[in-house]
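Taken straight from TrEMBL:
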- 77-95: transmembrane segment (TRANSMEM)
- 102-123: transmembrane segment (TRANSMEM)
- 129-149: transmembrane segment (TRANSMEM)
- 161-182: transmembrane segment (TRANSMEM)
- 316-443: domain 'Guanylate cyclase' (DOMAIN)
- 643-665: transmembrane segment (TRANSMEM)
- 677-697: transmembrane segment (TRANSMEM)
- 717-738: transmembrane segment (TRANSMEM)
- 891-1034: domain 'Guanylate cyclase' (DOMAIN)
Amino acid sequence: MCAVSSGLKHRANGGHSSGYFDIYPTQDLSPRTGFSLTNRIRLAYGEIRRVWDFGCYVLEDYFEETSLPHAVYSIRAALKVLLMMTLSWLITCLVRSPSLKASWFSPTIILITGELTIYLMTFSKLSRVPYSVCSLCGGLIAMVLELLFAAQETILPSVPLYMLLLILFPLSWRVLMAISAIKMIACLTLNFVTFISPSEMGTVNRTTVAHNGAGTIPLDFLHSERLTQNLQCIGILFTILFTSFRLRLRRRAAFLRTIEAFQARNWGKQGISEQFRWIDTIMPSVVSKKYMRLRKQKLGQGKRMWIYSESMDNVSILFADIAGFTQVCAQKSATQVVSLLNDLYRYFDDLCGIVNCEKIGTLGDCYYCVAGCPVPQPNHAEACVEMGLGLCRIMKRFNKSYQERMDLRVGVHTGKVNAAIIGQQRFRYDVYSYDVSIANALANSGLPGRVHISEATYTLVKHVYEVAAGPGLDVKQEIRSGIAGMVLGRTRIKSFFVNPRSSVLYNAPVEKSITLFQRLKARRKLESIDDFSHSIVDFEDGGTVDEGVMNTSFSTEQYRSIWRSDQLRTPVGIEDKTKLYRPLLTIINEMREQQEGLMKISDQLSPYSGTRLFQLWFTELSDRFSINENEGSICMDSLEYSYMFDVFGTVAMCLFTLMVSWLSVLESDIAHLGFRLFSIAEVICEAVILTLVIWYTEHPISPKCLQGKLRLISLGLAKECTLFLLTSIPTIRLVFWLQFTVNQKYSNRLVSRLVLDLQVLVTCIHILPATSSAIVRSLGCLLTLITLRLLLNWTGKIVAEEFVELEELQWFPILWMVYFITRLNHHSCRHGFRAFREALSARLRADEEEKEARDLLHNIVPPYVLNRVMLLCKDPVKEPWTYAVSLPNAGVMFASVSNFFSTYYREDYKGGESALVLLNAIISSFDGLLSRPTMVEVEKIKTMNDCYMAASGLNPNKLAETADSKTHLVALMDFCFLMIDAMEEFNANYIVGSENFELKIGYNCGAVTAGIIGIRKPFYDVWGDTVNVASRMHMTAKPGIVQVPSHVYDLLKAQYEFESLGEVFVRGKGLIHTYSCTQKRYT
């Protein structure tokens, strides 16, 4: 079994969760519409079987631990009832017989004292064993008392007491079944022993319960009475087992739901921490916290409507370009190139940490970082200069170690920047300003192996470093122009080259034999990231990887496998069991440590107070407005299905009592036509109610049909009325039974005996409904008792007064029994529903956190790349890995808003933040185009200031599925035209005047190398000669057109119309014949 991951690993296929609890392997979170009743019953059976037996001793032990408060509360409730019954019996005896001797009260006083002692003991901290022993003794005593009273034909409140104790006491199911079986056998044996054989006299003399002497009882009445008593015993046992089974089942289900909710909340927290882990790879941790807070605040708004931006002054910017990298790429494979760059950039990243600089990112063979941003620091210029000097020394040592010939040109400038996160896809933390462009220009115009700094930086470091004058440099800057304020213009700045031997690190007091490169290498070895050759993923052949094998990452299957009963039941050794149960033990230990889980389960499994009842009722009403009750539930979690099972059980009990009524009069053959008609009408009514309930459960009334309070009142009232009608049917039938059958033949005294025999049976039915209120159930039971009392009066005055008083004495225990059991039943049903909702909401929140974390991950690494990396690397954040692939026919496009920085970007107004908001809206509109179904093969690579880069044909799996190699190239060209249309729409909606934004696009196709560069801040990029030509195409293009080289024209001329632009000079390529793609050919 897969263990619970300490951090959220994302599903490789990016699919939605397919299950909620593993105790339902086939269940999902989608609404249950479309399932037939047969399928629901089958699923319910599987659910019940798995919940009833966890199949795991760890879960069973923890369930027993957490259900201890419930056992204590149940025993207290039973003792309260027992104490009240004992006192009422004692008071009744004193009132009737004041002359009783004191010795008669001794057993009663001992019993009351024992009850009080046990009740007080429940407030001490005892284990579950004493409560189990107490429950077992109480159940056995109640059973023995009932049998004794039954043998003496004495009417005492033993039956309700027996039922109450067996249901409330925390007996194990096996013990409960054993006691019930013993009681059943004893009752049948007792009735058999006391039964008079039909071969004897037609009438026999027996002592009646009344104190009026002897009387004669017909033999057929004895048959009916004994049969009624036997069937009554069966009905009582059915009620006990049915109620106890549902209570225990819902309690165990609520236990699992609570653990699931706790784990889901932890999973959500892990998702949040995982978000920060991944987002820290693309932006500083200080920025990530601010960005995530802003992201949550702006939840629901489009990304184009808000932007994270922070303007900062006194920031030094460093750019480092690798000279000679193109020649190196031409001599190596894609994997070798990416491995080489990652090796080099790892040393650069380590140096960043030493000199206190913040890496921003890499652009192919360009590395850039800042100092003084996002956290201000006074020596930011020194940090950047020292970083540049260290980079040059690292490059020299790197060439010597790797036998390469590369140089580094470094440029450093100091000024102000606007740090921002722009776009919806592949966004990253970046810096924008004219000063950033100056730093880049210093790197491009510098000398290999030297650090080229501006005059602004020189002013801050001249007391630390030795410098030599460099050439002047023409740059774009905002300059003050009279009353017009700041305007963009070209100005010339001074530059300087820093003496490498004036480096602070170079002159640090360390052993001269230990170079900076060696120290960085030793540091990497300590961090165990020096050797990463094992994690290189080489796909030179562009082969595909089956998506199905990528389920090794943490997914719902691993989350759900904790509860997979077949795995927990598999015979394993001790060592294997330790591994198997480790996830469960981890969760349980966390719950014990936090105490939240134990308190939560105790609240759900214990009887509730009035305040908790009101809170439960209020939250349930709110849930009825917000969520579908049948969503993702089968029987134990849904109020609707609990209601359906209530109707099933009640109808079954009604039919059983109808059978008892008929069997009690069969031998006498006195069934009247009126009773027969009533029986037929009863069966038809129950069948109609059952059919309507099943139909309603399968086709719930839409909230649109019943709105607001009308829906709550009508549905709730209809359910209560239906259950009240069903539970009242046996009482109504008893009236007809007396009127049309036995009352016509037997004496009033014998009829009263039959009424009292059926009294407990017709009142037990009020216990069965779990979705009905305890008050309503108690009122129904009271009405039944009053009806029975009136029936006894109706039969005549010859019934003995003591006989009636003893019958009335049962009212109190029966009412208490119904109230306490139905209260507990109703509580478990509602809390089972609430436990499911809490677990569901916690799981949904965890899924949202996981989705955000997955989106952040896919923002850095494409899903198909992550799938491949996961084959060798389980945690891409911590473990080193390298991905590279050579693609023979990929499409690349560059698009830039050519007049954005020259026309709209102004740093003198809010540091340029307002202009970046506009740029973010433009980039986000381009990102939105990628969500179209026709753009599945097109993906964004990155944005660089106002430049947008996208590519197609990078997913080897998609290429293998497509027979036409030009499909993705056509899609990329369509994307270019969509960008032009989006730019025109943006101008029409947001730009006032004639200064519209202009879009220049360059397009090319051919062989590229794609890979992940960097580990500290990994970045997916493509490079190669195809990328360089595409970049040159967009730089030399005219606004509003898509410029392509001649081989693209040859490839796509059947799909698009082109216009020749003549020859265009491209740096590094010379003159290239180019074309303008105008529109698509429609055939």
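Glycine is no exception: its Cβ is also placed from the backbone N, Cα and C atoms.
Summarised by DSSP class, the composition of the domain 'Guanylate cyclase' (316-443) is 61 helix, 39 strand, 28 coil. Beyond its flanks by at least six residues, the transmembrane segment (643-665) meets 224, 227-228, 231-232, 234-235, 238-239, 242, 246, 635, 671, 679, 682-683, 686, 689-690, 693-694, 697, 719, 722-723, 726-727, 729-730, 733-734, 737, 741-742, 754, 758, 761-762, 764-765, 768-772 of its own chain at Cβ-Cβ distances under 8 Å. Per-class residue totals from DSSP over the domain 'Guanylate cyclase' (891-1034), listed helix then strand then coil: 68 helix, 40 strand, 36 coil. Averaged across the domain 'Guanylate cyclase' (891-1034), pLDDT for the predicted model comes to 86.
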